[in-house]
């Protein structure tokens, strides 16, 4: 009976010392700067003993030694007299812990864990809190760098496109004029750069022919044509006059023929320029010599035609003189005929009384 009472009497001040040491340790930890707590890692394998790493058995199976080696340094610092308490119990009781020592060690393990666990959790939360605070602005910066803020407003001047078949007649006319001006400008730029260009494919002459007003069939507004033609007017002249009045064989009038002639001349000039650009130096020299020969032939022919025209001009003057002489003789003949008629009438008239 004396031994249990003595052991209980010895336990009371020891537990009080243990709790007091824990309180002092917490006060010291509170006085420590926060930087010291941040330096302590959560889990460090360097504090584990080699025996615990080598042994594959659970803690508590090998006795008190295994438990002491597996405890972290925070637990031993929090309660340094725990090992002394266990040694005192072993020395006072004199019992062998190999058989029944598992239960005290097992009971002591949760106690030590319960004593040390609050401090460990508080340190872990203190370590995690500043790390999260550091990661939050860094993540915001990364998101800002990755995603660009949209600072532009949508433009109010939107181009309202409409298909061609939905345009009105005025809009179609403006669109066609704009396209024709643009095409002519582009063709002029390309031609100035020396690039081959195709003729502007337009159907405006068809539209002009289609838009022509119907002729007014009221005959009262037009002057009547002479019913009879003079003798010197031939049928060919009549056909030519009719063709001119109708606007030509193509039905386009004078403006259409001028447009076609201008288009043909432009196309021929472009084709000729392209052919000269594609020719080599020898071919150009040969072409130049041929053109000189052709020019000399044309000049000779022109001189010959001029001489002939001069001769024909002299013949024409003679013919004109003869025509004038003929007219004069005809007039004189008519005058003689009239005089002869008067003499005949006088001869046929009866003699007067005065003459008898």
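Including glycine, each Cβ sits where the backbone N, Cα and C put it.
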Task: Feature phosphoserine, as given in Swiss-Prot - residue among 30, 155, 249 - done: 249
Open item on the list: In Swiss-Prot, one of 191-194, 195-198, 199-202, 203-206 is tagged region 'Interaction with P-TEFb'. Which stretch would that be?
Closed with: 199-202
Open item on the list: Looking at the region 'Autoinhibitory acidic region' (207-247) alone, can you tell me the average pLDDT?
Closed with: 52
